[in-house]
Structure formats: C-alpha cells, structure tokens
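Everything below concerns the one structure shown next.
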Ligand code: NIG
Ligand code: FE
C-alpha cells in the first residue's frame, strides 16, 4: 500500500537524521520543506522532499494537499485517560471557592475517582475510555501514554491496566502504559509506608508478570508520597524492569526532581514549582521535563516556568495530563496554544515539545514525533492555513482536516 501526499504547502518537523530530543535554543527551530511531497508505504514514512523531486509512479492513493500542511501527530506523554465517571461536582466546589487540596481532604479528589472506578466493571471502564481515545485521535494525537492509579487495590489497578492493554490491541494509535499504584493513600492504610509495602509486594509483581506496563510512576508531593516513598517505589520498580516517569513539583518542591534524576527517570512531570536547584538537577541528565499547562489552567495554579527551563539549555515536553480531577481535556491543540499564551513558548518550541520531545518522554522517539524515513506515518493533515504559528494563535479553533495512523485515516 503506497500513499503519496503531494503539493504540501509546508511539511513540518522534517528530521533526516534521527534526533532523540531537542533542547535549549534548538527548540526554537522547526525544520520544514515548503511545496513538499511525502510518501507512505505500508504504514511507514518512506520518502519526502521538494515537489521538484516528487516520484511519479502508480500509487494506491494520491492526496492533494494544496494549501495545507502535514506534520507528525501530537505525542501526548502524560495522561490518566482511563477513568470512570467524572468529577464535575468538584469543579463546581472549586468555582465556589474550595481548593484542590481542600476537596481531596474531604474525601474527594483521587480517592473519589478510585471509589467510582472500583465499582465500575472492566467492560464499562473500557467503553468509557475508548470514547475518550477516539476523541483525542480526532484532535490529532498519534501516540499517548496512559497511567493506572485510580484503582489503588490489586484488583482495580489490574482492571485499569487490562483496559489500557485492550485499547492497545484494538486501536492503531501508539499507547504506552504506566503503573501508578502510588497515586494517593487509600483510607484502609494508616500510612504511606504500609501502602508502599502493599504496592511493592502485592501489585507490582503481578503487573510485571502480566506485562501490563512499561513505566512506573508515583505522585511525589506533600500530603501524598514523600521522597523516601518515591525512592522505595522506584527501586522496586527498577528490579522488575520498569523505567520511572514521575509526578513531581506540582504544588511543592520537595526533592522529587532530584529523586527522578537519581533513578534515571525518563521524565519528571508537572514542575509548576521549580527552584533553581531543580533546574540545575536536570542539567546533563537524560530525564525529560514535562509541563502540563491544561492542569495549571484548570486548577488555576502556576504554569511550569518554560522560559527558565528552556533558557537554561534544557529540553521540555508538553502533555495534557488528561484526567477527571485536574485536567479533564485531552486536547493537545489547546495545550500547544496555552503553552504559547501562558508560558511564553514560541510556536516552534511548543510544536517541538509536543512532537519529538513528547515522543522521547514515552520512549517512542524511534517510532513517531518527526517526519523521518522509517517512522510510523502518524500524521496530521491541516486545513488550509497560512503558517504553522496560526495553529496556536487562533486558539480553540480546529485546524485538523484529517489524522492518519500508520498511514490510514
Ligand atoms: O497529574 N497529580 C496527580 N495526579 C493527577 C490528578 C489526579 C486527580 O485529581 O484525579 C495530575 O494532576
Ligand atoms: Fe498526572
């Protein structure tokens, strides 16, 4: 099966040489080819270049892209999009003045979602989650990471992870699974140390045996899990071959970034509260900082200081954090736009952060995130637009004409 995209106004994120991620000043450059063609064979990108060099043979399909752009689909490296029900009532509580912390202390928050999920059947959870997955695909996402963490019991955590596995089997979007057993302390446990014992001894071995996750996560935060808890869970995870990808510095900076770097985390995510020492800790590491502007927007908390991070020469990825409590939206277009408006990222930086760097933050940099021969043809075809900066500029508008996963729309 060969598909030719021809007369592309501008082909974005063209990387002839494979790139792991981009950082610092490089983030401000999106390599493009104007008036381009792109050839997709058997689901993979097989050739691209200027229309002057466009191959002429009998392709199965030819798509005329006059006036439109083609770019790699969004790579959303942090979501909790397998969940049951919603937390609309807490939304109203917050409008009426309660904080996220106050709601959690009253038994709302993560424990509220866990209760609902525990009472939901696996089939029902699958059906609720697939609606969200289909929606984010329409919004241009071609690779997504999904976490457990609304189970908090062996049975319910496995339910979540099995739903993620079913989504992987049934959809052609790339999916990576993360085990987030240590997301909140269930009421049945007196302290985090006892719960961590349970996660390590009762859940982790089964998640590993059933091959249900690639990554391990923990909510390292005041009132949730300490740095010591984090060290324990990441050590144990590593014994089973799970790479850390962790929640840190959302409300308070307690040393989570340093713990992540020490354990060679693939990413440290949130980072709304960043001290200079936290930025320094990331220097020279292979750990990707990940910002979640949808969460800052929805909870009215500070935005991750993207300028300080990028201007320190570091990379940055953007993701949605799609979840029922702090970011009930999986729209990467909104994330890209919000990063520009609120975090002062340029369109180039936001697009790099949401494609190549997002791919790295879920270990998919060899498969997606750029227009490179041999990568999956997970692509966005835009509607006619003048420049790619128009995508974040005209926020809330839909600029996507179609999305292709492994070359199929
Ligand atoms: O990434 N911070 C921890 N976990 C989620 C929110 C979970 C929830 O409120 O349900 C987050 O923001
Ligand atoms: Fe999260």
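Every residue, even glycine, has its Cβ placed from backbone N, Cα and C.
These features come from TrEMBL:
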- 78, 80, 247, 321: Fe(3+) binding site (BINDING)
- 78, 80, 247, 321: Zn(2+) binding site (BINDING)
- 87, 150, 183, 250, 326: 4-imidazolone-5-propanoate binding site (BINDING)
- 150, 323, 325: N-formimidoyl-L-glutamate binding site (BINDING)
- 303-384: domain 'Amidohydrolase-related' (DOMAIN)
Residue among binding-site residues 78, 80, 326 with least C-beta crowding, 10 angstrom cut-off: 326
Distant-in-sequence Cβ neighbours of residue 325 (N-formimidoyl-L-glutamate binding site), under 8 Å, six or more positions away: 87, 90, 100, 109, 110, 112, 113
Minimum Cα separation from residue 80 (Fe(3+) binding site), reported as the residue among binding-site residues 150, 183, 323, 326 that achieves it: 323
Binding-site residues listed as 87, 183, 247, least Cβ neighbours within 10 Å: 87
The domain 'Amidohydrolase-related' (303-384) - residue tally per DSSP class, helix then strand then coil: 31 helix, 11 strand, 40 coil
Env. residues of Fe(3+) site, Cβ within 8 Å of mean position of 78, 80, 247, 321 Cβ: 79, 147, 269, 270, 292, 295, 319, 322, 323, 327
Protein Cβ atoms within 10 Å of residue 250 (4-imidazolone-5-propanoate binding site), excluding its own: 27
